[in-house]
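Here's the structure, in structure tokens; my notes come after.
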């Protein structure tokens, strides 16, 4: 069956914003006016169609990006709803990665807020073309022109108004469309579905002409012929002006700014028109790059149905009715349900079973998907976020998504045996859905450790465990992953002898222990010649070594980067055994760690703080107070970026501290960089706490 809409009619876009800017309400209205949602859901009463997880409805924040397909003026819109909280920036990055464009929603009262700055920078990183919708124009204190100024000063964008508001706060009635030079007014009683054109009010004519001139001047810069005509007194007509604005958006030359009030049902239809008129289609964007699996060389996949099939998985969710659902974007070719494909990232075969088009959390089964489609796949076994699925005969790995290392960990203990079983299943599903959430087991205590991007991130995971999976558990305090290291080369000669009547135990080992290169890991080798220690006992020596290295002598943390060499030993025909050599090796390793001068290591994080200039001094002083070493600073747009190396132990609670002294305008990212020796006074505190 041929595709129902040509790829030129596709708009894959996301709606990004600060928490509470009205992003979910805007999406709701888009779905309502484009006919996909029969009742308008309000975030205020926890019923918005897009916010479909309980945790989101309760907190009124959007956590997961739900993908929705709808239609407007014959065009197919695939909308990705992105979260607006700083602990979920991984979700935002993940959705920006597969978008062709974005609508940035601002609160008309607040302007560009801290999370807007973060998301804007992420959109810059992926070169996502965007338009801005200044929302909440009905709110007390709403100021459209201040928001436009904010785009210049806070995120370094070049805003160009294509609409102006008519009135504001309680008197907000409609908009002036500067492209058509008409006023558009909404009729209140029709839930915003009815609106009409009028002439521009007399008191706004002068302002409209001024901003129209700014728009035309910015647009004609993009075309020599249009510029020449304009200088000769001929303005571009509506069709050409739209074409030039579209070009500006595609090249991110300037950012068109629109306005309205989604909650009061004003301005949403012209926003949809702007999405269709100005945001790029899949073929307007650069072809996606990848690596040809067969040759190892870089290749590109064009957004065409005739190219070999390739798609990128960008989100995994556990659906209570369908099971595991993988959201993916088809970049090239076409795919039918029932087809076998290869997961080239993992080199595993997958079969495409059910394919679904998602509308928030309603779903429609489809048989084929084409280049440009965003679909949900049910029943994939091996695929994780960031994996490529492609044609078995033309394998390619598309650009990999990079996910930051988790920086905070907590211990979790199920309260009963039944909870223990449920916990294992639930955690494996949560880890598959979210690559920035990791699960591991503490070797010493046997505790399950959860690792994530921030305190809210882990709070929400624990909440999901309790609500969705009904797991009852105790939660520990956040911890740092320390390590221990041997400092000097030592030679140890150890004998283990035990005689208790009957068969005794006997083993002797002579071993050299020395520091290995940083990050080289632990290593064991045997240089035994002449059978001083028979071959069958050597695994016992290795096992004894590693059992001690898993829990060091200082404070019970894993020992890293040790090389141990077995050079000699002795055995007894009757009394020696694998166990005897294991016990002997354990004793030798403990002695070596004490005599060789073990030290504690701590994780050092590479911290990048982005802050408005006026808070630079406070940020630097605070980092130094956290035992940080500032590596340098530079300007990005109009913000200062400070790079520093800081021990993780001193970074707990940092996000709240940073928010408080920067009024929430500074933000930071951090990732693990290396391990470094803990200063003696700090090491004593750690040992007292853990030993």
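Each Cβ is built from the backbone N, Cα and C atoms, and glycine gets one as well.
Database features (Swiss-Prot):
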{"type": "BINDING", "residues": "17-24, 81-85, 135-138", "note": "GTP binding site"}
{"type": "DOMAIN", "residues": "8-283", "note": "domain 'tr-type G'"}
Please give me the CB contact count at 10 A for residue 17 (GTP binding site), counting all chains in the structure.
27
Which secondary structure state does DSSP assign to residue 17 (GTP binding site), in the simple three-class scheme?
strand
Number of other Cβ atoms within 10 Å of the Cβ of residue 137 (GTP binding site) across all protein chains:
30
Which number gives the other C-beta atoms within 10 angstroms of the C-beta of residue 82 (GTP binding site), all protein chains shown included?
27
Tell me whether residue 82 (GTP binding site) sits in a helix, a strand or coil according to DSSP.
coil
